[in-house]
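**Student:** I grabbed these lines from TrEMBL:
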| type | residues | note |
| --- | --- | --- |
| TRANSMEM | 239-263 | transmembrane segment |
| TRANSMEM | 305-331 | transmembrane segment |
| TRANSMEM | 337-356 | transmembrane segment |
| TRANSMEM | 377-398 | transmembrane segment |
| TRANSMEM | 410-433 | transmembrane segment |
| TRANSMEM | 454-487 | transmembrane segment |
| TRANSMEM | 493-521 | transmembrane segment |
| TRANSMEM | 533-552 | transmembrane segment |
| TRANSMEM | 564-597 | transmembrane segment |
Amino acid sequence: MQKDHLPVKVNKLTSIKTQLPYSFYSLPFCKPDTIVDSAENLGEVLRGDRIENSPYVFEMRVPQMCQIVCKISVGEKEGKVLKEKIEDEYRVNMILDNLPLVVPIQRVDQEGAYFYQHGFHVGAKGQYSGSKDEKYFIHNHLSFTVKYHRDAQRDVSRIVAFEVKPYSVKHEYGQWNDKKTHLTTCDPNAKRIITSSDSPLEVEAGKDIVFTYDVDFKESDIKWASRWDSYLLMTDDQIHWFSIVNSLMIVLFLSGMVAMIMLRTLYRDISKYNQLETQEEAQEETGWKLVHGDVFRPPANSDWLCVYVGTGVQFFGMMLVTMVFAVLGFLSPSNRGGLMTAMLLLWVFMGLLAGYSSSRLYKLFKGSEWKNIALRTAFTFPGSVFTVFFFLNILIWGQKSSGAVPFTTMFALVLLWFGISVPLVFVGSYLGFKKPAIEDPVKTNKIPRQVPEQAWYMNSIFSILIGGILPFGAVFIELFFILTSIWLHQFYYIFGFLFLVFLILIVTCAEISIVLCYFQLCSEDYLWWWRSYLTSGSSALYLFLYATFYFYTKLEITKFVSAILYFGYMLIASYAFFALTGTIGFYACLMFTRLIYSSVKIE
């Protein structure tokens, strides 16, 4: 309704140069009488969001001009901090009616079209005409535009856009009288409004900064349900479709190879093996049937394989459910921190599947200490990630950034891990171990046969590295958009595309692992267990290499701590990707070997 109060909230200060968020009030900005923190969910805290009230209060459909917020005196310390933040291109983020503040910027390629920059810069660097010295200018005048959609039937207006144009203005006035001061540079009575930064305000110690703002209300045709569409306008959908087509070509190529193996080679092999009648003929057999007595022999370090397979299943379950929820629209960008909160909680509850799958595999390997496997599954991956995360958090805390996770949140994370995830892993392990062991389709010989010398192209390291290229190739275009959304502070919302790419990744990992596993068995090398995991899992190495390439080509990070943060978080992401893709490849090979060895007669 008209004249309803519209409180503006402030969020963190962000920079794509440092990746370290700071609280809005860490800079000398105007403060309300009492600062109140808004309730934040777990995802918001982990993202470094700090949402607080502000001295900016609008009234619905009541334009305001040249409103004085306050006057701040800048000392040596404040001036230095402001200059640092302007140098690092920090942006101020605000929220009105759950909509983030944006700066509309005219597109060069399309007339009348805009793209939206999230938040406005604290200030800008520049030079006075005729001078070469760089000066720092603060944006102290904000010209807000609030767009609303009016429902004529009910006479209700709803906010559909929140935009700003920031200016740096050296305000002039006679006698200072708090908010009643008469500014000569900005006077609504004389219709003198600010439309440019022709006389900018330089950041200098000992000088005052007067903060002012205008608010203009504009009626819009945009409906409330569609108000996020302009924020999420996708101009590069052709690239996404190219990514899908590119990935599908890889899948078709691999599917053709798998079909050829299954339909032609295997059919011929199985027919030939099953027609062998004499012992002499049986002794002449070659290829994958020759290793039937060793192919299901438990591998070295089988315990760790069980642990990593369980971790991969946990990730797979989390990713699948998250994607389904996101595609159905439950995790929209308007729900800040919702995606991260959902992923974290799903990871915790998927501990049940992790424990179950690791103990089932452990029993297949004739293991008996299921509690030991459950313990390792519950602590290996989360423990290593938590260690890296804790180290990075200390670095962030040392920089006095709001991105540092508070002790209470850290305690909540540990509580989720020890209180829910660990017990669920043990429950899953108990249930998995109680079930009867999976029977091998063929008997295993007591004495392992010798693996013949392999050709150079069948070398384990070579084939593992080759195997990771195609799964990475299926996702790397979409990976670019994911990295951009995380590190350049943009919204990622195209979950439909992402879900398609995820399905393609599953098929690619499975098929490349099957193809290389078949070639390995044909060369009479039966040590396939670990290699099947590492073949598709090696795509994580390419992911990390691509992240390094992205760092040097797309980001402008210069500070050492920021670089450590980037590589620390990308290391965690690559480790998770390794567990996910490796597990997909492993299960594909397990089903493939069981299928082919159950199809032949063994004398």
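The backbone N, Cα and C atoms fix where each Cβ goes, glycine too.
Give me the local environment of each listed feature.
**Tutor:** Remote same-chain residues near the transmembrane segment (305-331) are listed as 299, 338-339, 342-343, 346-347, 350-351, 353-359, 361-362, 365, 367, 373, 376-377, 380-381, 425, 495-496, 498-499, 502, 529-530, 533, 576, 579-584, 586-587 (criterion: CB distance under 8 Å, separation of at least six residues from the stretch ends).
Only residues 6 or more beyond the boundaries of the transmembrane segment (337-356), in the same chain, are considered here, and those with a CB under 8 A from a CB of the stretch are 40-47, 49, 310-311, 313-315, 317-318, 321-322, 325-326, 330-331, 374, 377-378, 413, 416-417, 420-432.
Long-range Cβ contacts of the transmembrane segment (377-398) within its own chain (Cβ-Cβ under 8 Å, at least 6 residues beyond either end) map to 20, 306-308, 310-311, 314, 351, 354-355, 358, 404-405, 410, 413-414, 417, 421-422, 425-426, 429, 561, 564-565, 568-569, 571-572, 575-576, 579.
Cβ atoms under 8 Å from those of the transmembrane segment (493-521) belong to residues 232, 234, 240, 243-244, 247-248, 250-251, 254-255, 257-258, 261, 265, 287-288, 291, 295, 319-320, 323-324, 326-327, 331-333, 458, 463, 466-467, 470-471, 474-475, 478, 481-482, 528, 531-532, 535-536, 539, 581, 584-589, 592-593 of the same chain, restricted to positions at least 6 beyond its ends.
Below 8 angstroms of C-beta separation, residues 19-20, 266, 270, 288, 292, 295-296, 305, 308-309, 311-313, 315-316, 319, 381, 384-385, 388-389, 391-392, 395-396, 440-442, 467-468, 471, 487, 505-506, 509-514, 517-518, 521, 528-529, 532-541, 543-544, 547-548, 551, 555, 557 of the same chain, each at least six residues beyond the ends of the transmembrane segment (564-597), sit close to that stretch.
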**Student:** Near the transmembrane segment (454-487), which residues from the same chain, at least 6 beyond its ends, have a CB less than 8 A from one of its CBs?
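**Tutor:** Here the qualifying positions are 16, 19, 236, 239-240, 242-243, 246-247, 250-251, 254, 494, 497-498, 501, 504-505, 508-509, 512-513, 516, 519-520, 523, 525, 527, 531, 534-543, 546-547, 550, 554-555, 566, 581, 585.
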**Student:** What parts of the chain pack near the transmembrane segment (533-552), using Cβ distances under 8 Å and only residues at least 6 beyond its ends?
**Tutor:** 305, 308-309, 463-465, 467-472, 476, 479-480, 483, 487, 508-510, 512-513, 516-517, 563, 566-567, 570-571, 573-575, 577-579, 581-586
**Student:** Which residues of the chain, 6 or more past the ends of the transmembrane segment (410-433), have a CB below 8 A from one of its CBs?
**Tutor:** 42, 310, 344-345, 347-349, 351-360, 362-363, 370-371, 373-374, 377-379, 382, 386, 390, 393
